[in-house]
């Protein structure tokens, strides 16, 4: 989900889905390759006891190898692979026929009540206007979102293009973004036969037999047995099923404020925008006021955060009792949440402000806690209990089954999405473009509403006269412009819950409050980013992923199974795939990194090699032959082999069960680390939730000079993990500096012997005697071999600078850049005290030449580090004999042209324009 993986086509006239048919099929990997990569991903987890360079456990590894080998040699593997091959030959994607959108409980087990909703979130940057209100920010973003949706529905949205190879990406995932919802799969008659008067019991969550309302005294017939068998088979296939419901004709949004539910039409029948941003502000202010006057709110949204079985039971009851209301929610384009929470601050008074200047570290820690608290409130809201014991926090104002846009009372905006229905790269584009459109509104305002200042200039508003008939009322004076009456255009959903449903809602709310109390979100920024990775010669994503594994190993002394999502939208009907982060090479690096068995240079080399291995894994997955989807498809076919018409013998079933249900393979379906990269300049924070209660969910955004990370965990040391990550990356940088410093005196760069000789000759003939820093006229020593200055760093040509120029150099500091340029600019002075010195003759030019300013190499300290790695280059005046004077003396009154090389050749050019090689930013 990297932010740099896609670009938007500049062809504004292009149709949104014009490339879909030309996309290639997702390849079907070879069975042997998938099993081999599965084995390699699991091996680093099983090693002998001990902390220092412990070897792999031979007994565990042999068991793992044996079960994989037995499965591969058994006919069951060929039967399952053949079924996938038949789907691959006859479908656009071999995964299409597997109904994975109905049953997604194969890749990860259902965790009972102990994990947060698996919804990633992106926090948007602040609005371009300071001190904007909640209603105004909501109106601007909703108006931008409506324009985005209108462009998509009218086929005006430019298609995505791969930034690396220029190939088109699938736009099909955009169809799952709006007007869709996550929903449990119900069997035939399950909702219709549900008894609303039946009290809620725990058995409702476990009993799959939904014919309990039948008369138990009736003697069952053969037909009853057949029906029950068929229902049982259906329940095996769909009992834990989750599917996606689509409503492509949706025109309205759902608004939640203080637990109250409202709907608002935003598109007309031709997908034109109904309201302006100003009109939306009026509507949202009305909703905020209306919801604030109601003391009792409903925590209905907390039902979407409950475990699968509780969620399914609640949806079934709501669908039976409130079918129309639930349909209005499910079919909404997206959800706007008007969160009433405010940002926490660190200032408790003037005393604290004074303390902050004296104790920066203490305040920094407090700021860090406040930043983490703000991440919590924009994600799952606040949990506040009033004097009556009722939940009045904003955590009840969420709906995790759908795409959500959350805007807090202090105008902080966040996009939260369901990872089952929505793709992360698609959400990132939506988030980025609605933010960009919100900024472009300022350009439209100062250009008389010019539509060219928009990402979608062809998207238009509804005709004013038509809108007047639909929504507006005449102002009080009868002659003024029409105004929107919010009461006429906003529809409020009224609930009248029974005691049974009230009980279930209450239990779901208390469970959610417990989860909020259990989980911690830590946000940290580490000052190494894209430029640092470029200097190392590695990909930024690989640098962060590998360093995180080292940090985890240094903290806990063991390797864990971790997954990273990789986009596969370059293929038909494909979204993403997971790759395993851990490998044998990474395990060896972790063991060596925390030891003293090798020096820093070798650790750096090993780190770079491991980053390259990780990058190759990413490329492999992007090519469509990743093993994660393939292995899950094989596992899914075996689980429902009867449904798919695959007949297996007892021996075949046993061989498959030994692999798919083996505890050694269990970490594959229960990853302890989920680490993902998603974000760009329009976002400030990206967070994901862990897959298991004891795991970490780590989201990060890579910037030029820093990495912003968000760690979500339950009873874990997220802040300490970030401390270890900072330490690891700091060590890597110090190793790089040390390696760079010691390489100054190495002949790692090949220079032509002829060029070397010319440098020596040029230095040899330029050692005239000096007096007070100036060449004495008419006096010149005869050069000889004993007088040749062979110091390659002491001559007037600095070879070290040329060697450095072949390496990627540090980006110059911007702090003193102007000062440096001013120092390099030479000015001629007309006050000459000696014509022999200030105005040399042509003969003198040939004999002695002119002096130039030299850019001397930075000194390397005894510890191998650069003496001043973060400051600008020091400017000194260099003479032919290797002596130097300060930059101030170099600009003395007796100098004529100080930018002429001290050579027998008269060469005049601006030396300040010559610098070291600058690192490019193309990563």
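Glycine is treated like the rest: Cβ placed from N, Cα and C.
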Here are some residues: 212, 482, 743, 783. Which is flagged as phosphoserine in Swiss-Prot? 783
I need the CA-to-CA distance for residue 535 (CoA binding site) versus residue 576 ((R)-carnitine binding site), whole Å please. 30
Between residue 576 ((R)-carnitine binding site) and residue 539 (CoA binding site): CA-CA distance (Å): 20
Cα-Cα separation of residue 533 (CoA binding site) and residue 576 ((R)-carnitine binding site), in Å? 25
Just name the most isolated of the binding-site residues 529, 537, going by other Cβ atoms within 10 Å of its Cβ. 537
How many whole Å apart are the CA atoms of residue 576 ((R)-carnitine binding site) and residue 529 (CoA binding site)? 25
How far apart, in Å, are the two Cα atoms that lie farthest from each other among 529, 530, 531, 532, 533, 534, 535, 536, 537, 538, 539, 540, 541, 567, the residues recorded as binding CoA? 26
When each of the binding-site residues 533, 535, 539, 541, 576 is scored by other CB atoms within 10 A, the minimum falls on 535
